[in-house]
Amino acid sequence: MLKITFMTMMLIPTTLILKPKMLYQTTTSYSFMIALFSLSLLEPNSNTYLHLDSTSAPLLLLSYWLMPMTMMASQHAMNKEPLQRQRTFLSILTLLQLFISLTFMASNITLMYIMFEATLIPTLIIITRWGQQTERLTAGTYFMMYTLTTSMPLLTAILFINNTTNTPTLFMQMMQTTSPWTELMLWIACLGAFLAKMPVYGLHLWLPKAHVEAPIAGSMVLAAILLKLGGYGIIRMTQILPTMKTDLFLPFIVLSLWGATLANLTCLQQTDLKSLIAYSSVSHMGLVIAATMIQTQWSLSGAMALMIAHGFTSSALFCLANTTYERTKTRIMILTRGFHSILPMITTWWLMTNLMNIATPPSINFTGELLIASSLFNWCPTTIILFGLSMLITASYSLHMLLSTQTGTPTLNMVTYPTHSREHLLMVLHILPLMLISLKPELII
């Protein structure tokens, strides 16, 4: 684990001293090498400070795999920037990756909290410095306020747990039962921060703003990894805190399922492509929240599968939206129509990614949603109404997104250049792991 961490750390000075001509080739290939080395981390591993198990290893692997892809995706936009800013951008991306990986590796909740909150700063810089419109400052403010407001109770809860147990609380050990009132306050304090990060419907307003204003690398990292920190945190807290009573997690499950349905309905009325994909993330994370709250073996396996699947799928959708944006300079879906006759290969990628997003079998998205649906139905048969409605609307807006961007008459007031092999490679590296994991889901479940 330390080897991989040091390799990632050394990428920061590398980006700062490389020759301009070699900057992207070297950093991308170096980070691909780190991604391949990180495959060895799938085996459980533990020492005093760092700890990996079947919950954190797949998410850690996902974060390392997406790091070179964020560099590749932002290459076109970054080439227009001065060299020093390109170096700074790559360094901040690497720093963000370092904080994320240490969050997943941390063996005690204090270190996990510090790294969890440290991810805020690089993400904020990426959104507010490299975003496209002036609204990026508002998006950055929303992101910061939601994160900081909910993280204060989490810090208080962690300090209380540390004082009660007289240890930095290794994840293997469960806290002794205190009074019911204390338990309730601890759960609400811990869940607040992670639910805002997921985000649950109601605490989600920062997400569409951040996604729409962030550059492509920021959108990819936000959708694929930063949202998963919330799910990972909830799973970790269920291992430490005393077992939840049904009357506490019932409102959260209802809120997350109803929120998923409402987010899906919001998707149907979106005109902005990135905003639609962002609301789609809110609905998928609603299912993950519901699954983690039930705390059965099946539901946790389903939550893990859906988190990994959503990481690849949403990141791929943002890459495709960016490919369209680079050519049309607009995110409005009605202005980006008719791409099937201009870029037919990109239409194929759109179709495959949307099918993954709908969760058609035999994709890993389907495996995750099937496990979640089974555990929800077993827990309370009525939940199938909200779940089924959510699935139906997901299929509707995914097909609407595909048809409105790819079919129809092209707008003829723009010059469209052909796709680069870089963009095709980017899509292959998103979709290939999804297909391979679908063949062997026990790697992540």
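The backbone N, Cα and C atoms fix where each Cβ goes, and this holds for glycine too.
These features come from Swiss-Prot:
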TRANSMEM  22-42  transmembrane segment
TRANSMEM  54-74  transmembrane segment
TRANSMEM  87-107  transmembrane segment
TRANSMEM  108-128  transmembrane segment
TRANSMEM  141-161  transmembrane segment
TRANSMEM  215-235  transmembrane segment
TRANSMEM  248-268  transmembrane segment
TRANSMEM  276-296  transmembrane segment
TRANSMEM  300-320  transmembrane segment
TRANSMEM  332-352  transmembrane segment
TRANSMEM  383-403  transmembrane segment
TRANSMEM  425-445  transmembrane segment
Cβ contacts under 8 Å made by the transmembrane segment (215-235) with residues that lie 6+ beyond its boundaries: 55-56, 59, 62-63, 66, 69-71, 73-74, 77, 89, 93, 96, 100, 103-104, 112, 116, 119, 123, 126-127, 130-132, 190-191, 193-199, 207, 274, 277-278, 281, 285, 288-289, 292-293, 300, 303, 307, 310-312, 314-315, 318-319, 322
Beyond a gap of at least 6 residues from its ends, the CB atoms lying under 8 Å from the transmembrane segment (54-74) belong to 4, 24, 27-29, 31-32, 34-35, 38-39, 41-44, 89-90, 93-94, 97, 100-101, 104-105, 215-217, 220-221, 224-225, 228, 232, 235-236, 304, 307-308, 311-312, 315, 319, 322, 422, 425-426, 429-430, 433, 443-444
Which range wins on Cβ pairs under 8 Å with the transmembrane segment (248-268): 108-128, 300-320, 332-352, 383-403, 425-445? 383-403
Top partner of the transmembrane segment (425-445) among 108-128, 300-320, 332-352, 383-403 - counted as Cβ pairs under 8 Å: 300-320
Contact count check, CB pairs under 8 angstroms to the transmembrane segment (383-403), set 108-128, 141-161, 332-352; argmax is 332-352
